[in-house]
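Undergrad: Right, I'll just put the structure down here and ask away after.
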Ligand code: PTJ
């Protein structure tokens, strides 16, 4: 690993690259995951590497949805396991969700390594190693799912997804919440709740929201009202407008890096 100097202006971004590269070496992240990460970095630059107010709205609606779901599941791939393993475990505990590993570039070995990685960090009952169901109409390896996990879930959180599975899950009648920094991706267009944010900021934001909602024992009817008040299409359009405004007004220069929980 390259030692990144702490005072480097791009310290956080470069450290994340080191983390994800190391996870490729450990057999957790796919090599293709590096390409996806680079694509994410580029779009995050345009967003200003900060959580947009519209993303925060989507994150709140997502947490309310997961808290009211009967069988919520967080789907984990190689990039999520590298970038936000602890946050995934903490969020799953807070919202009472199962964790299921589901890979596009699926190998048994990589699933076992991700499972081991998550379990070392405290996760229990991680699903995905022994799929016993298939998502109908999906030909990729991502179709292989667990009956008590993604297959029977009513709400699924899918960080860094490919559009095909997202579409199939929606067709199965599930509520799909996507975390994808790209507002133009098929996933962002297909999901019922599209969080246009970097997963490394989205997860801590969602954890903070889940803590507030659970510690204050917010009643179910108020959670349902939060969900009802959220309009994904409108929020996506507003996100694109915000990105355009940010670029026009030169707010890119304000970018300070990956400071978690910061908003414009
Ligand atoms: O581990 P596997 O085998 O399941 O593979 C995972 C990847 C991510 C390689 C696979 O799902 C894939 O190829 O995904 P795509 O089609 O490249 O889509 C990933 C999406 O996530 C793209 O729209 C990226 O812009 C976006 N993205 C990348 N990094 C981040 C991100 N979104 C949020 N946070 C990020 N850090």
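Using the three backbone atoms N, Cα and C, a Cβ is placed for every residue, glycine included.
Below are the features listed in TrEMBL for this protein:
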- 17, 39, 180, 181, 182, 186, 187, 198, 199: ATP binding site (BINDING)
Undergrad: Using a 10 Å radius around its CB, how many other CB atoms surround residue 17 (ATP binding site)?
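TA: Counting Cβ neighbours of residue 17 (ATP binding site) within 10 Å gives 17.
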Undergrad: Which number gives the other C-beta atoms within 10 angstroms of the C-beta of residue 187 (ATP binding site), all protein chains shown included?
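TA: The Cβ of residue 187 (ATP binding site) has 22 Cβ neighbours within 10 Å.
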Undergrad: Give me the count of other Cβ atoms within 10 A of the Cβ belonging to residue 182 (ATP binding site).
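TA: Total other Cβ atoms inside 10 Å, all chains included: 20.
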Undergrad: Can you list which of the binding-site residues 17, 182, 199 have their Cβ under 6 Å from some atom of ligand 1?
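TA: Among 17, 182, 199, near ligand 1: 182, 199.
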Undergrad: Given the binding-site residues 180, 199, which one's Cβ is surrounded by the fewest other Cβ atoms within 10 Å?
TA: 199
Undergrad: Work out the three-state DSSP category of residue 199 (ATP binding site).
TA: helix
Undergrad: Over all pairs within 17, 39, 180, 181, 182, 186, 187, 198, 199, the annotated ATP binders, what is the largest Cα to Cα distance, rounded to whole Å?
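TA: Greatest Cα-Cα span of the listed binding residues: 25 Å.
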